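Under the heading compositional bias 'Low complexity', Swiss-Prot lists 1-12. Taken from Swiss-Prot, the feature SUMO2 cross-link covers K6, K21. What Swiss-Prot records for K6, K121 (among others) is N6-lactoyllysine, and it gives experimental evidence as the kind of evidence. The N6-acetyllysine annotation in Swiss-Prot covers K12, K16 (among others), and the record cites experimental evidence as its basis. Per Swiss-Prot, N6-(beta-hydroxybutyryl)lysine is recorded for K12 (among others). Per Swiss-Prot, the feature N6-(2-hydroxyisobutyryl)lysine maps to K24, K44, K47 (among others). Sequence annotations record features per position, and here Swiss-Prot assigns N6-glutaryllysine to K44 (among others). Sequence annotations record features per position, and here Swiss-Prot assigns dimethylated arginine to R80. Positions annotated as phosphothreonine by Swiss-Prot, on the basis of similarity to another entry: T116. Taken from Swiss-Prot, the feature N6-succinyllysine applies to K117 (among others). According to Swiss-Prot, the region 'Disordered' annotation covers 1-36.
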Amino acid sequence: MPEPTKSAPAPKKGSKKAVTKAQKKDGKKRKRSRKESYSVYVYKVLKQVHPDTGISSKAMGIMNSFVNDIFERIAGEASRLAHYNKRSTITSREIQTAVRLLLPGELAKHAVSEGTKAVTKYTSSK
């Protein structure tokens, strides 16, 4: 009686690992689609603030969602401000005003000062 052929073990139910590269019919390997995220930048800031602290992938996902949400809110508000003033360009002034409108009190002040510092650093490096 012939032995049953051994195949690769089936992936566990609920396995989160995706197949890295799937084989196409013509033998070429398909590239994995790239997911854009802010995780690299969140990690860099975390290491500046707390060098000995790590972050879980779930927490990183939450931080990524948070940054995307704040970005969309600021961009939307800045767009509205530009439209109200019959402007077709969003400048740092619209962004600054949007931040002042969206963020509460002291948080807005700190965000504006950090933003101004970043813009100054960027323009001086050009």
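Note: Cβ is positioned from N, Cα and C throughout, glycine not excepted.
Using a 10 Å radius centred on the Cβ of K117 (N6-succinyllysine) and all shown protein chains, the other Cβ atoms total 10. Cβ neighbour count for T116 (phosphothreonine): 12 (other Cβ atoms within 10 Å of its Cβ, all protein chains included). Fewest Cβ neighbours within 10 Å among the modified residues K44, R80: that distinction goes to K44. Rounded to a whole value, the Cα-Cα separation of K121 (N6-lactoyllysine) and R80 (dimethylated arginine) is 27 Å.
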